[in-house]
There are 2 protein chains.
Amino acid sequence: MIYLTINYPKGSLNRTFSTSKKKQKKPVTFANRGMSFEAEINQTNQYYLDKGIAVIHKKPTPIQIVSVDYPKRSAAVIKEAYFKEASTTDYNGVYKGKYIDFEAKQTKNKTSFPLSNFHEHQIIHMKNCLKQDGITFVLIYFSATERYFLVSSSVIIEFWDNQLTDGRKSIPLSVIEKEGHEIKAGFVPRIPYLNILDQHFIEGDYFNGE
Amino acid sequence: MIYLTINYPKGSLNRTFSTSKKKQKKPVTFANRGMSFEAEINQTNQYYLDKGIAVIHKKPTPIQIVSVDYPKRSAAVIKEAYFKEASTTDYNGVYKGKYIDFEAKQTKNKTSFPLSNFHEHQIIHMKNCLKQDGITFVLIYFSATERYFLVSSSVIIEFWDNQLTDGRKSIPLSVIEKEGHEIKAGFVPRIPYLNILDQHFIEGDYFNGE
């Protein structure tokens, strides 16, 4: 029995896993190895930053602060605060001069992606960014099947706006497979989504759905 | 004596001020009327957002959460948390497809702008954004003289990097007047900084210092 310890970048989880073939049914892959989806994206962004490829950060969680203590000789302590709903998407930054803006969502569903993953103001934010020619998309992780997709916000917006009339509360996987772009997960960077942008959003004209 | 009450947008301060000439030495202006510099920028960004001109937001303050209570039937309460140092600048977004990134700083100094207003990681972030062709600058408010300037990050970076060798810990006002761009404060939007970008950063080639 051999144990490997891999030190993942800051913000991710370390995990020791076994390469023993007795206990494993699948061959060793880098998929589903204990990193959360958010940590995978953070690792990817850190890689892009370290390599000078792009500057993309997750925004801090918005907090409503109610009470703060200022003890002498030590740091201010927030004693009462509440989580606020974000008014934008979680990630943004710059790549080749372009404004990049995205949200990351995970689902256990196998055949569709529920629109309930979004809030109205996130959709509005995506629409606003699209109007300014920002590159706006959603990274979707289907955890049951371990598949990653980059889906243009224009697809999300279309389904969102239509749900009131057609009653459809989710985007079928078949649509995501056709209109989105599957991302082959790697090791470092874990989720190389900029490759998709290079192929379909920056050089081409896919982005505006034209 | 006449009192005017102006309702400023969300996030700013309301202020009642007198137009009595007896108590006032200066004529009535919209300058220095009780709005904080941050509120002025937020009002400006809200205007740009509402008018569909640009999508630029202040990032939430980064917080390190230590303890959270989850009372039954009510919202989670953060019981212990600390302020973290931001790893980026405060404002970013998109304008005409371009990535916009800036920091806002205020000084009481009259003749120079102290470099101590910045942290090392903010400078690094500016450098990273410049490498990606982002439009990166600082809005500086000289509160004593009520003057606003937009200064390209390349100027800030130059002085920052030189301070170790030349020992100069601030940027002289004369440099800011020459290398930066004064913004004429208005009512709504209060600090129309996008005009400067149109004139010098987006159409022209000032941005890269060429």
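Note: Cβ is positioned from N, Cα and C throughout, glycine not excepted.
Mg(2+) binds B:T88, B:D90, B:Q122 as TrEMBL records it, and from the list B:E103, B:E146 the residue named for this site is B:E103. In sequence order, B:T88 are the binding-site residues among B:T88, B:D90, B:E103, B:Q122 whose C-beta falls under 8 Å from a C-beta of chain A.
Taken residue by residue with DSSP, B:Q122 (Mg(2+) binding site) is part of a helix. Taking the binding-site residues B:D90, B:E103 in turn, the residue surrounded by the fewest other Cβ atoms inside 10 Å of its Cβ turns out to be B:D90. Nearest in space to B:K105 (site 'Transition state stabilizer'), taking C-alpha to C-alpha distance over the binding-site residues B:T88, B:D90, B:Q122, is B:D90.
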